[in-house]
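Engineer: This is the structure I want to talk about, given as structure tokens.
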């Protein structure tokens, strides 16, 4: 298993971090700004305050550097990913999306997270997403639906 600063992370976790890094490197310059780091963190299930964000960045950055390359981003995230079970990460992500904490993700919740992530989607796209994730077909997305969908091969 790969190790970063003594923290074991799986190849799957490194791939997840690399995907998040590449997706949120919005200006395609090979580094993430603080804003881009925050988006990437949200996409892998971490919601943090601005102060925590800058503490994280400065934990791996040189001097006052506020942009991270992939290696520093993975090194920053390794301690947080090393002992995280994927279901725990999915649980945190689900709870972040479920804004009213009723145990179900709604169309409005999906629309809101897409806006936060900077994704431009139509109402039909959101409807399709919700139908795909609603594994049991009861018209609402439960934690069980969400985890089942996320573990299913696409």
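Glycine residues also receive a Cβ, built from the backbone N, Cα and C atoms like all the rest.
Predicted automatically and left uncurated, TrEMBL annotations should be read as such.
Among the features that TrEMBL reports, domain 'EF-hand' is placed at 12-47, 85-120, 121-154.
Provide an account of the burial state, proximal residues and distances for the features listed.
Structural biologist: Helix, strand and coil counts under DSSP for the domain 'EF-hand' (12-47) come to 23 helix, 2 strand, 11 coil.
Residues 12, 26, 39, 42-47, 126-127, 129-130, 133, 140-143, 146-147, 150-151 of the same chain sit 6 or more residues outside the domain 'EF-hand' (85-120) yet have a Cβ under 8 Å from a Cβ within it.
DSSP assignment over the domain 'EF-hand' (121-154) gives 20 helix, 2 strand, 12 coil.
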Engineer: If we skip the immediate neighbours and take only residues 6+ beyond the ends of the domain 'EF-hand' (12-47), which ones have a Cβ under 8 Å from one of its Cβ atoms?
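Structural biologist: Beyond its ends, the domain 'EF-hand' (12-47) has Cβ neighbours at 2, 53-54, 56-57, 66-70, 73-74, 77, 80-81, 84, 86, 89-90, 92-93, 96, 116-118.
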Engineer: Using a Cβ cut-off under 8 Å, which residues of the same chain at least 6 positions beyond either end of the domain 'EF-hand' (121-154) come close to it?
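Structural biologist: Tertiary neighbours of the domain 'EF-hand' (121-154) are 86-87, 90-91, 93-94, 103-107, 110-111, 114.
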